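What TrEMBL lists as pyruvate binding site is THR37, ILE198. As annotated by TrEMBL, active site, proton donor/acceptor applies to TYR124. Taken from TrEMBL, the feature active site, schiff-base intermediate with substrate covers LYS152.
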Amino acid sequence: MVTPMSEKGDIDYDATRNLLQWHIDQGTDNLCILGTTGEASVLSAKERTQVLRLAVEVCKGKIPIIAGVGTIDPQKVKDMTLEAMDLGCDAGLLVSPYYVKPPQRGLLKHFTSIADIGLPIVLYNVPGRTAVDISDETIAMAAEHDNIIAVKDATGKVERLASLKVELEKRGVANFLTYSGDDATTLEFVRLGGDGGISVTANCAPRLMHEMIMAAQIGDLERATLLNRQLQPLHDNLFCEANPIPAKYAIFRMGKATSPFCRPPLDALDPLLYGKVDEALHHAGVL
């Protein structure tokens, strides 16, 4: 979920509360707070606490909260994971440490040490941002830990799902969940046996994304395909600039935030791109 902010970059807690309630009303299945889309990397520790506390307050018992807990420093990751657990979050989204390019054995040690804390963990593989790809073997080895329950795969390579399932089967790992982190390929991902998606598009069209995924899961590919066509311009144009810049503009246009601004070094959407996002929102029927 995006973190609404003012033009000055201050978090708009009233808009955040309203956005959380809107997701409840829309029937959103889970909410990822302080992930990539939530601009977690530019929030202070105090702001993180306030946003997570608000999310749990509004959503507890209504929507499970997955808190972003990943960063480059393992001690900070442990601290954030402990806090998320203490605040009552349901799981943590753990991205691989970025920039330092750790080896696979280092990733495995890191993931399992965080999982030892006790909060259920969703691994987050997004090599386009981290410069390290978590291998299928490493994911499967990590999944042997009772508290590592899922992976968000943002590689966009749907063929990875089959190879991951082979690795999981080799180790006798059952009930491990696989989520697409790439909206453009989510339909195919679910059709091939994935469990759902952690989505940017769902910031604007949560009900439609839910219906598309559910249709794919029950084998109604005709309906799933029609819904995905309705959503396709959002899949594309919410990435016309770096996420979450277009998503924050979209939420603003929908009246769910008081400004479209991101915190530096990001910025508001280039006005030349307004038309693309507006058209996508209209095509989805949410504007």
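Here the Cβ of each residue, glycine as well, is placed from N, Cα and C on the backbone.
Structural mapping of features recorded in TrEMBL.
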| residue | record | Cβ neighbours (10 Å) |
| --- | --- | --- |
| THR37 | pyruvate binding site | 22 |
| TYR124 | active site, proton donor/acceptor | 28 |
| LYS152 | active site, schiff-base intermediate with substrate | 25 |
| ILE198 | pyruvate binding site | 25 |
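Spacing of THR37 (pyruvate binding site) relative to the residue listed as 'active site, proton donor/acceptor' is 13 Å (Cα to Cα, whole number).
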